[in-house]
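What Swiss-Prot says about this one:
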{"type": "DOMAIN", "residues": "28-109", "note": "domain 'Toprim'"}
{"type": "BINDING", "residues": "Glu34, Asp78", "note": "Mg(2+) 1 binding site"}
{"type": "BINDING", "residues": "Asp78, Asp80", "note": "Mg(2+) 2 binding site"}
Amino acid sequence: MTDLEIYRKRLERIEELLSELSEYSGRGAIIIVEGKRDVLSLKRLGIEGNFELATHQSLFNFSEKIARLGNEVVILTDWDRRGDILAIKLSGYFQSFGLKPELEIRNKLRLISQKEIKDVESLYTYVSKLRLKTGYCSKRDFQ
């Protein structure tokens, strides 16, 4: 497989995950991220919705507040050590409140991006770089 084919495949898989994330968002799911730059990156990729920052209060209280809303929850913390710990703790708290959070999108993004990026805030730049290398443009590029 050539580098171009590898980049195309990665971009295709990331676009599929972004589409899935957009579907969750459209159903009213709460997308949990670590910081404001994560939100900005996702919005630049065309993801709109209800974003919540998990880093400004006790995780237990945060999880309880979100669980009370009764919405689906997507955990999209960074895929570094701190983000891994945060995802595990949040997932445990949500499960104790009867919610099964979506973690697959995060896990797949981690695998696809390999060691090239480790955080959500870099996702927009990474996708833009892949689009440039493959000559691919999506309608989101022109919004």
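Just so you know, glycine gets a Cβ as well, placed from its N, Cα and C.
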Cβ packing number for Asp78 (Mg(2+) 1 binding site), 10 Å threshold: 23
Secondary structure content of the domain 'Toprim' (28-109), with strand meaning DSSP E or B: 42 helix, 12 strand, 28 coil
